[in-house]
Amino acid sequence: MKLPIYLDYSATTPVDPRVAQKMIECLTVEGNFGNPASRSHVFGWKAEEAVENARRQVADLVSADPREIVWTSGATESNNLAIKGVAHFYASKGKHLITSKVEHKAVLDTTRQLEREGFEVTYIEPGEDGLITPSMIEAALRDDTILVSIMHVNNEIGTINDIAAIGELTRSRGVLFHVDGAQSTGKVEIDLASLKVDLMSFSAHKTYGPKGIGALYVSRKPRVRLEAAMHGGGHERGMRSGTLATHQIVGMGEAFRIAKEEMAAESVRIKALSDRFYKQVENLEELYVNGSLTARVPHNLNLSFNYVEGESLIMALKDLAVSSGSACTSASLEPSYVLRALGRNDELAHSSIRFTFGRFSTEEEIDYAAQKVCEAVTRLRALSPLWDMFKDGVDISKIEWAAH
């Protein structure tokens, strides 16, 4: 077993060696290095063939038509293109959008920008389990609502929203539905042939593919129109100009092909690892699981260790790569906005750690990690006067602290 141990698979995943091999073949002079837009010679034709093959592989994982897959630089760009693209194209129909308070910053910062442009956005508060229900969305719908954007799997707490039920509602009301699927590919079955989803964002690097490449599913039936954000050579049917990065695209295609083949077996194995980890830490006092216990992916275990500061616990777990909050926002010392939206108090939100397991996690690593967590939590609590007061039966929430 090699240290440190990587338990932050929701932040990014290592590229699968099979994916890396396919990518290398598209880089050098001996390989498939041409520009897919070069129509006048064989180098371009071969590159275009590789790009279209990858498009089919991505479409196959999510049961879409390959013509509905638009290449982007990642899920952040896909979210921007979907939300701004719809808002700007359909602004004459209405200027109201609906999303939730627990979305990724790539959605929330995009809607904030639209608010500055004069759009109105309703931010739905989730239940204590972190889930967004169709009834919550129904209550927020207005005559001028043009788009609902709700994530499939939450990046911090791993909860799975019922996008099938939400899609039925939005379609019946004639409102477009965008789903951020960055965290769900390879973890949850996605059948866009039957789901009433109009737009869906994907990322390669959360599914053992390379960083810097993603895709946006844009429904053809019913047809969805978008205003482009990148202008240039008219690539991707005018929706996203820019020379296609063949090696990145081929990597994403191969990653999604592997995900389709291995997802069922991999999920069973990862659930066993997650259960194994939880069984070894669940006897710690004042331990809370954040998010629904049932509607969640097995890869994610977000735990709050009351009376332990999350950042100090991460420091104590120097052999484990884990995070507090999402990788995109954990640089700030604010408690997780996702956990706050669930109704967790600041103390519990600050004491949360996200453990995420993946393809290369082993039982040996899990056992070592669980042992280290138990030792660190016990040691840090022994140093905490708040823990002593709690053990003495003092209700800490009733204490009035003196101002300095």
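Every residue gets a Cβ built from N, Cα and C, even glycine.
From a predicted model like this one, the values you see are computed outputs, not experimental measurements.
Feature list (source: Swiss-Prot):
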type     : residues                                                     : note
BINDING  : Ala75, Thr76, Asn155, Gln183, Ser203, Ala204, His205, Thr243 : pyridoxal 5'-phosphate binding site
MOD_RES  : Lys206                                                       : N6-(pyridoxal phosphate)lysine
ACT_SITE : Cys328                                                       : active site, cysteine persulfide intermediate
BINDING  : Cys328                                                       : [2Fe-2S] cluster binding site
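The structure, with features from Swiss-Prot marked on it.
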residue : record                              : contacts (Cβ under 8 Å, 6+ apart)
Ala75   : pyridoxal 5'-phosphate binding site : His104, Ala106, Asp180, Gly181, Ala182, Ser201, Phe202, Ser203, Lys206, Gly214
Thr76   : pyridoxal 5'-phosphate binding site : Ala106, Gly214
Gln183  : pyridoxal 5'-phosphate binding site : Ser10, Met151, His152, Val153, Asn154, Asn155, Gly158, Lys206, Val297
Ala204  : pyridoxal 5'-phosphate binding site : Gly74, Pro210, Lys211, Ile213, Gly214, Gln248, Gly251, Met252, Ala255, Phe256
His205  : pyridoxal 5'-phosphate binding site : Thr12, Thr13, Val15, Gly74, Lys211, Gly212, Ile213
Thr243  : pyridoxal 5'-phosphate binding site : Asn35, Pro36, Ala37, Gly233, His235
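The DSSP secondary structure for Ala75 (pyridoxal 5'-phosphate binding site) is helix. Secondary structure at Thr243 (pyridoxal 5'-phosphate binding site), taken from DSSP and collapsed to helix, strand or coil, is coil. Counting every protein chain shown, the number of other Cβ atoms lying within 10 Å of the Cβ of Asn155 (pyridoxal 5'-phosphate binding site) is 27. Around Ser203 (pyridoxal 5'-phosphate binding site), taking its Cβ as the centre, 29 other Cβ atoms fall within 10 Å, counting all chains. A sphere of 10 angstroms centred on the C-beta of Lys206 (N6-(pyridoxal phosphate)lysine) encloses 27 other C-beta atoms.
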